[in-house]
Each structure stands twice: as C-alpha cells, then as structure tokens.
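Marked as domain 'RNA polymerase sigma-70 region 2' by TrEMBL: 23-87. Look at TrEMBL and you will find 118-170 tagged as domain 'RNA polymerase sigma factor 70 region 4 type 2'. Residues or ranges marked as repeat 'ANK' in TrEMBL: 258-286, 356-388, 462-494, 646-678, 680-712.
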C-alpha cells in the first residue's frame, strides 16, 4: 500500500487517481466518525461527501501531508456540525440492552431483525461521545487503534482505553451485532461513495491563478473551490471564499456559475448568499444558462425556497413578472388587439419583463414593430431599459437575440435593422459609444472620446467593446481612431476572452480592418464561443473569397483549429507534436472522427493522452463509436469511469445514443452502470430513458442497472425522465422492474 504522505503529495499536485485512493482509504472512517456525531447514516454520508469535496479544494493549504488524518477529521466535524444544528440524535438507554439481546429474538424474522438493527444503532448512540467515536471507527472497517488515534488526534493508548470501556458497556452478542450493522453501512461495501465524491472533477483549464472564462480574470482554483462549496451547501466556506475575491461569485465554466450549482442542489442558504454577493446569471453567454433556466430547475425539482429567492431577485433587478408571458406571446404573434386587451387589464406589464429581462420594448424591437414601439412609449415604457445581459432595445436592434432570430420573423417584417436603430435614436435612445461605433459615425465617436478618452477601453453594459462594433461592420477609420486612443484588440469581452474585434473583421471579410488590427497586436487565434476561430469563420461566411483573409491571418501566426482538421492532418499533428494537440478540443475532435487508424497513431505517438480522455461538455460529447478502437483504448489505460467535471461518463453518452455494443464493452471493462452525473442528476439508465432509447433501457436493466437510482433525487430517476419526456413504453418497462414514481 502506498504511504499516505506520498498519496497526499500526489493529490496536491492534481493527481485525481491519488485523491481517489485517499477517498477509498478514509471513506469508512469519515462516514463512521460522522455517524458517531449525527446518528444517521444518510446524513453521515452526506457530511463525509461534502468533507471530501472541500478537502480536495483545500488540499493545497495542507503543509504537512502526514497531518492529513486530523486535518480531515476537523473538516468532517464542521460538516457534521452544520447538519446537527437543531437536531436531536435519537438514543435508547443502555439499560435496555438485556431486553434487546434476549434469547427470544429470532434472527430469521426479517422484520424483527430490521427493528433490532435500528435499535442497535440507537444503542451505539447512547454511548458517551468519545466511546461512541472509537467504537464506530473500530467496528465499521477494522481500523487499527493507531489509525483511529491519528484520525481523532489522540494517543493510541487512549483509543484502547475508550474502546475497552465501551465494550464493557455492551454485551458480547451486542458487540457482534454492532460490528455487523456498522459494516453493512460502511462505504467500502461498494464503490458508490467514492464515485459520488469524484463526480465533480476540477477542469484542467481552471488549475491556474489566471483563469478567465467571462470578462474578469480570477483564480481558477478559488473559483473551483467555490463551486465545490456550493455543491456541498457549505455556506460558511462560500462566505469565506467570496471574502477573498467577490468577483468569484460570477466565475464561469461551461455556462455554469456557482449559483447554478447551488440551485441545482437546492441549497437555498447558499443561493441567498450568492445573490447578496451579486450573482448574475444574466451574464451567461448567449443568455444560454440564465435566470430562466434556473427558475425551471427549481420548479422541476421542487426547490421552493430557492425559487422564491430567484423570483424576488429578478423582480427587483428588472421587474420580472410571470404574467408578462401573455403579453410577450401577443407581441410575437403580432396580435395587436390582444396586446391592447392585456395592457388594458394590466397596464403595469408595459414596464415588466420576462425571465431574461426582455421588456415590452425589447420584444417590439425583436419583432420589428414600429407601431408597438410608439404605443409602449406612450404607456411609459423605458426606451433605455436593460435586460438581464445588459442589452438595451438599441443593443438588440443591432445584435438580435440568440432565442429569437431572423428566421422567426414574418415575411412582411422590416428587414433593415438599421431602420429600427435609427427609429429608437429618434425616439430618445441614448446615442452611446456602442451605437456610434456600430454606425461608423466617426464624428460622434470623436466627440465622446474628447469627453471621456477612457471610453475607447471600456466595455458597454452588454460587455462589448466599441472596437468590436466598429470592426464588425468594417469601419476601419473608426477602428484606427479607437486604437489611437488606447483600445486593446485583445481585451476580454462577452463571448471572447481574447477580444472579439479581429474575429468580427474576419467574419465580415473586412481585409483592411483585419490588417490594421493584426498590426496593432490582435491575436490571430482568438475565438468566439461556439462560433469558431478567425480562420474558420471567414471560410464559413465567405467560402469563395476567404483566401486573402486566411493568408493574412496565417502570416501573423493563425493555427488551424482541431475541428476543421482532416484525419490525415490529425495524424500528422500527432507525429509532429504540433501545437494544436494542446487545444482543449483536440481529443474531442479526434474521437469524433471515429477512425481506427487515427486511434492507432494516437496510441503509438502520444499514449499519454489516453488518460486524459473524457467527455468535453455537460450535454453531449464524443464517445468512441468503433468497438475495436474502444477496446484498444481501454487496453492502453483509458478509464471507463473517468468523469468529466460534472460527472458525466462515456456510458452516459453511449446510453443517450443507444449504442449497445459500446455500452457492452464499457461495462465489460468495469464502467459503473449506476454512475450519477450532476447536470441532469441521473444514471446512464436515466439518460437512455430521457432520450427514448428503448432497447438501451432493456439492455441496461438486464445488466443490473438500478431503476431507483438516484434515490435522493426523485426528479432524476429513469422513470421521472421517461414520464417527463412522454416515453410511455420506457415508463412501462421501468415500472415492471420495480420503478416507482
């Protein structure tokens, strides 16, 4: 067995396998100790799980690896203390032991035996606290007196003395039953406890003190610690972390903020803390995971306290009203009579908004109805109101909306968006730097810069730069002016941590604008979220005329990103050790190719990369589709149970796709059939049920999948998903195998 010191040191350096070994070594001790404090094994497992998560995020602060047992025990106690406030642990007097162990007890009777086991646990709780702790730790998994002493921070002889006293209090038969009952509840009885702890794995890109996903640069390790604390519901730790850097409240990874994790787990006290600290899910890229999604989660999972907190926050911030949905639908359907009828009965809705902060004017602009703009202004709507992502009606007249696009317009809608922008300006919309840059109005830009030169380097309320807007529409003269005033083409902004100006110049095939930006230091490899790189966007938008732009970009060091590499180009990159291999999407794209020869080259040239294989996102992800290639990867160290940061495994993905052969191989190599991920909260069986994969559901059940898992999350069970998605056949199959609503 590897020494604990070595394991802790490896875990401190980020070795997840080492920390997994630490979890397995201490899981019974943590749960046993927590049980001694709490008197409830379910709560004990919760406390221990949260303690392991916190310990991992805090491990860098442990100076002496040998001190881990006592240090970790204090973390376990903290989480127990949080759970015990206001609770009274049930006990039974020790004097009742003779009655419990009488010869009349018949162990063959299951009901009586169950009742006996419950009373045994209460007897353990009746022991004095110090004796209770050593008894539980000694019998739950046979820990030595030295090991118990290290964990409790007392000499081994003290452990021996307390254990001796406890034994005298218990009858011989009771000791046997104590040992049996505790062992039945030991996490080491199977691997599920360790798997639950490892469901949240720190992404590689967050293992830095200079992490950036949104606009602000923060410490990625602290951001991850905050997310783990939110998952664990550890409000004091959340408060401590935010005290170090309040900006961490809006740290992001894959469209997820700390508040998303707290809401998903139903930790209302943490949600309140985050909101008070300025949590703003409206900053989610493309409003993809904004307030509306959070509200839906609380309703779906029954987190009523969290729901009330969210609704109060968005009502205060942008006058959210659930009743506004009726007005929104009337605007979208262009039903003027219905609009008037709704406003006659509820005139206050003209100043209300939906869950994304879109007001009546935002929707009038998106649907391009000038007459409604006039009408809403007459009724008191604010023409400069900001929605959840900071965009005003004038902003959305230029940028549009991710959820309502040109294809959603009616055939007779206004097509010239600038007509809408101009109309808003005429009606009193602020003529800001953003609008002036987008219109190419150099005189207005100069006027504003004379008043405030810092505007050239400042993001607007929607977190966009004036340089981006000018470059987007090819206004080179305005771009030059802004650069001369100190604008940085690589300044982080919404969707673009390395700046968006060059990307937009490439998207518009504005060659001279791009040349100027490159001359001034723009990053030729800057990407925009879900939109590609400078090289790829010009090809996508201008396939016939993109070559000059691409040649220019390559002159300044542009690299072809992995998602456009051919199989042969990927092979060459592996053989040559090209820089593109380090791109976070390289392995995802490699698996997506599903090419056996490419897998062979990977195993020959870079076998070290195999251990990094994991799903790259929280919804889909690439899973090997060729059985032969999958077996080769598994034989070369690919871990079928390695989850991504949110706990999704390759078996989840195979189940979603209905790929039974791949699922069969993964299970053959030890994949956990009941692994639970955190985004949807379900197992591979739940994933198959959600996606309507009937044969996969049958297959997984035949292989032993438990239809009741996760028992603690009824909204995430396979049956819950089947019913929610309307998959009746799957629901019937699950019920036949014991699933209950």
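Heads up, residue numbers simply count up from 1 along the chain you see.
From the backbone N, Cα and C atoms, a Cβ is placed for every residue, glycine too.
Across the repeat 'ANK' (258-286), DSSP assigns 22 helix, 0 strand, 7 coil.
The average pLDDT the prediction assigns to the repeat 'ANK' (680-712) is 95. For the domain 'RNA polymerase sigma-70 region 2' (23-87), the number of residues in each DSSP class (helix H, G, I; strand E, B; coil) is 57 helix, 0 strand, 8 coil.
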